[in-house]
Amino acid sequence: MSSRKVFYSVIFFLVTAGWAANHFAAVLVALKERAHLEPLLVNGAYGIYAAGLFPCLLAGGILADRFGGRPIVIAGTIVSALGNLGLAFSHSAAALLSGRFVVGLGVGLVVSAGTAWAARLRGAQGATLAGIFLTSGFALGPIFSGIFAYAQSRIWELYAVKFALSLLAIVVSLVIGDTPHHAVTQGPDGPAPAPAAAPAQRSSTKALATALPVAVWVFASITTAVVGLAARVAHYFPTGVFMPGIAAVLGFGTALVLQALGRRFDWGPRAGVIGALCSATVLAIAGFAGTNPTLAAFVAATIALGAAYGLCLRDGLLDVDTYAPLHARGRVLGIYYVGTYIGFALPPLLQWLEPLAGPTVPLLVLAALALTSAVVRFTQIKTGYLSRA
């Protein structure tokens with residue numbers, strides 16, 4: 001079995017998982033405008049996805065260590081597809097919340113098991129490429145959903161596209177199969193890079209101690225742009241359904257470029273410090289800008305938050321690949337991704353806090369926490385605790 005074809009099938013699964021996770025950013029705007037649902041409800045539906053995601057990120061990693069990534073990824077894709085299928089038929093409060101929860105369950109299995117599968121096939125290169133293509137899915141979801149919504153498509157059609165992609169990914173994997181479940185296999189140009197040699201003894205504790213300080217700013221950054229800031233500038237246009245897609249192009253596009261450059265030039269762990277600083281700076285500026293930022297401020301902030309997302313995601317994945325014991329790589333990846341997805345709770349949290357604390361204070365608190373993460377990582381590098389040389 002060609003490991004190249006198998007790896008491409010893994011990438012397809014990750015793209016569809018990212019699409020499933022994030023296409024709702026545009027759908028929720030359509031629900032606000034057409035179904036007149038309360039903002040707190042639709043933002044809550046965006047965030048409750050994380051409640052389903054967290055346990056399955058952990059379970060997916062653990063099960064991938066035991067059984068291999070492929071069966072877990074296929075199961076997760078089926079669950080995610082069923083969640084989206086249910087959402088296509090009803091947008092009552094119960095259906096909205098339960099459907100997004102089920103989508104989270106499925107995506108959690110795919111993300112952690114899929115990344116572990118990619119790392120098994122191609123080592124550190126596989127882990128970073130998994131992050132890049134997962135990001136591609138996150139970008140494509142709101143872009144295409146925004147186009148469909150702007151064309152006045154029926155909302156169920158947005159879910160039908162995702163359902164079809166999920167089925168196609170499963171069929172492709174069933175046709176291609178998998179390589180044996182053992183160490184890193186051949187890449188397309190010869191032996192794939194082995195997992196990064198640890199400069200110190202491999203340890204799950206050390207892997208998480210280095211990766212988690214940047215993990216929390218992955219989705220905290222990008223959801224602030226795609227959901228929070230996009231909503232604050234929607235009044236400049238006749239409809240806001242395009243804004244999540246525009247934010248996705250700017251934010252995820254920046255992330256993809258930086259992830260590709262980081263892979264090309266082998267950027268070191270200081271890139272994670274820069275990512276956390278980008279997040280801290282923009283969160284502080286967004287806090288002072290209040291509820292009516294200018295379009296120019298929105299564009300600049302979204303690009304910077306995309307940079308934070310891309311740099312932090314890549315560096316965290318490399319920390320895990322460097323320090324995690326090979327037999328526990330899946331479960332460590334699962335815990336790492338739980339840390340990243342904490343950011344999905346930000347939209348409903350900020351929506352809830354705004355009447356109590358205003359639009360400024362919560363973002364300034366987040367900025368201070370991001371700055372703290374940058375300091376922690378910088379200290380780890382300076383003391384030699386974190387080194388990927």
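Every residue gets a Cβ built from N, Cα and C, even glycine.
In TrEMBL, annotation is done automatically, which means it is predicted and not curated.
So that you can see what the record holds, here are the features copied from TrEMBL:
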type	residues	note
DOMAIN	6-385	domain 'Major facilitator superfamily (MFS) profile'
TRANSMEM	46-64	transmembrane segment
TRANSMEM	71-89	transmembrane segment
TRANSMEM	101-119	transmembrane segment
TRANSMEM	131-152	transmembrane segment
TRANSMEM	158-176	transmembrane segment
TRANSMEM	207-230	transmembrane segment
TRANSMEM	236-258	transmembrane segment
TRANSMEM	270-289	transmembrane segment
TRANSMEM	295-313	transmembrane segment
TRANSMEM	334-353	transmembrane segment
TRANSMEM	359-378	transmembrane segment
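Most Cβ pairs under 8 Å to the transmembrane segment (236-258), among the stretches 158-176, 295-313, 359-378, belong to 295-313. Here the transmembrane segment (270-289) has Cβ contacts under 8 Å with residues 213-214, 217, 220-221, 224, 228-229, 262, 297, 301, 304-305, 307-312, 314-316, 319, 359-364, 366-368, 370-371, 373-374, 377-378, 381 of the same chain, all six or more residues outside its ends. Nonlocal intrachain contacts for the transmembrane segment (71-89), taken as residues 6+ away from its ends with a CB within less than 8 angstroms of a stretch CB, comprise 10, 13, 16-17, 20, 56, 60, 63-64, 95-96, 98-110, 113-114, 117, 155-156, 159-160, 162-163, 166-167, 169-170, 173-174. Outside the transmembrane segment (101-119), and at least 6 residues removed from its termini, the chain residues within Cβ reach (under 8 Å) are 7, 10-11, 13-14, 16-17, 20-21, 24, 48-61, 63-65, 68-70, 72-73, 75-84, 86-87, 126-127, 129-131, 134, 195, 317, 321, 329-330, 333-334, 337. For the transmembrane segment (295-313), the neighbouring stretch richest in Cβ pairs under 8 Å, chosen from 46-64, 131-152, 207-230, 334-353, is 207-230. The transmembrane segment (46-64) makes contact with the transmembrane segment (334-353): 3 or more of their CB pairs lie within 8 A, with pairs spaced 6 or more apart in sequence.
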